[in-house]
Amino acid sequence: MSAKETIEKLKKARIITALVTPFKENGQINFEAFPKLVEDLLASHTEGLILAGTTAESPTLTHDEELEIFASINQLVDGRVPLIAGIGTNDTRDSVEFIKEVAKLGYIDAGLAVTPYYNKPSQEGIYQHFKAIASASDLPIILYNIPGRVVTEILPDTILRLAQLENVIAVKECTSTDNLAYLIENVPEGFLVYTGEDGLAFHAKTLGGQGVISVASHILGQEFFEMFAEIDHGSIQEAAAIQRKILPKINALFSVTSPAPIKTVLNNKGYAVGGLRLPLVACTDQEAKIIIEQIEN
């Protein structure tokens, strides 16, 4: 699929859920937990899925496991929404080889490539890293700027430089409203700007962004859908009221390191997504109690 074709598909995807990875007690992936979870997400207005991203605990998934997840979710979704595969690492060569492998699958719509972590590259190094990935296959690339996790930030002007590459079609921007506004104002026509911060979904959409790549949409998809509908209709006050209502719930989902809180909530709702792989650990009983109370309030 060409970059232009993927962009057209993503223009319909305002709420993209970064899918969790369910685990069994022995730490193996619980593929049996995916069908109900995925079907309920699509029913509550998830319009695209990120597979093997941060919320999926990608640092503790092997590439073989990621490929198994891609195949499983593709079979469940059957083309109903775009599938975006996490393909980025802090090793450019590894990322290049993996995106080549993912591109051959034929059913992945785009690759999500995170800023290289730990290495602390310069802006030129960041540019060359993403350029190498984008040039490695025909699979379009979404940049993933999340300095809170990886320390190094893709500065806005570097994103604009990367946006000139034909195969770089969007950004998941996990910084500030100032950066969102600057990017939305200055990116080339057709380049899509998503916030990766659930609490900034209202701001991103009202500024003219595409939408949100979300953790909270596991449980708040309907609310995001209604908020975006109000914005589209010009009813900003009504949209803001929804934002104010859901913000405490969103904050609860990030009160300890994600994805522990969303897994706590999903398990409480009967989705059997299990625990986390070390070095991440589950919420304590007290943390879980507070999170669930806030979500159910």
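Even glycines carry a Cβ here, placed using N, Cα and C.
According to Swiss-Prot:
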type: ACT_SITE; residues: Y144; note: active site, proton donor/acceptor
type: ACT_SITE; residues: K172; note: active site, schiff-base intermediate with substrate
type: BINDING; residues: T55, I213; note: pyruvate binding site
type: SITE; residues: T54; note: site 'Part of a proton relay during catalysis'
type: SITE; residues: Y118; note: site 'Part of a proton relay during catalysis'
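The Cβ of I213 (pyruvate binding site) lies under 8 Å from the Cβ of I16, T17, A18, I50, K172, Y194, T195, G196, each of these being in the same chain and 6 or more residues away along the sequence.
The recorded positions considered are Y118, Y144; of these, Y118 has the fewest other C-beta atoms within 10 angstroms of its C-beta. The distance from the Cα of Y144 (active site, proton donor/acceptor) to the Cα of T54 (site 'Part of a proton relay during catalysis') comes to 10 Å. Within the same chain, the residues at least 6 positions away from T54 (site 'Part of a proton relay during catalysis') whose Cβ sits under 8 Å from its Cβ are A18, G86, V114, I146, R149, S258, P259, listed in sequence order. When the recorded positions T55, K172 are compared by the number of other C-beta atoms lying within 10 angstroms of their own C-beta, T55 comes out lowest. Secondary structure at Y144 (active site, proton donor/acceptor), taken from DSSP and collapsed to helix, strand or coil, is strand. The two recorded residues Y118 (site 'Part of a proton relay during catalysis') and T55 (pyruvate binding site) have their Cα atoms spaced 19 Å from each other.
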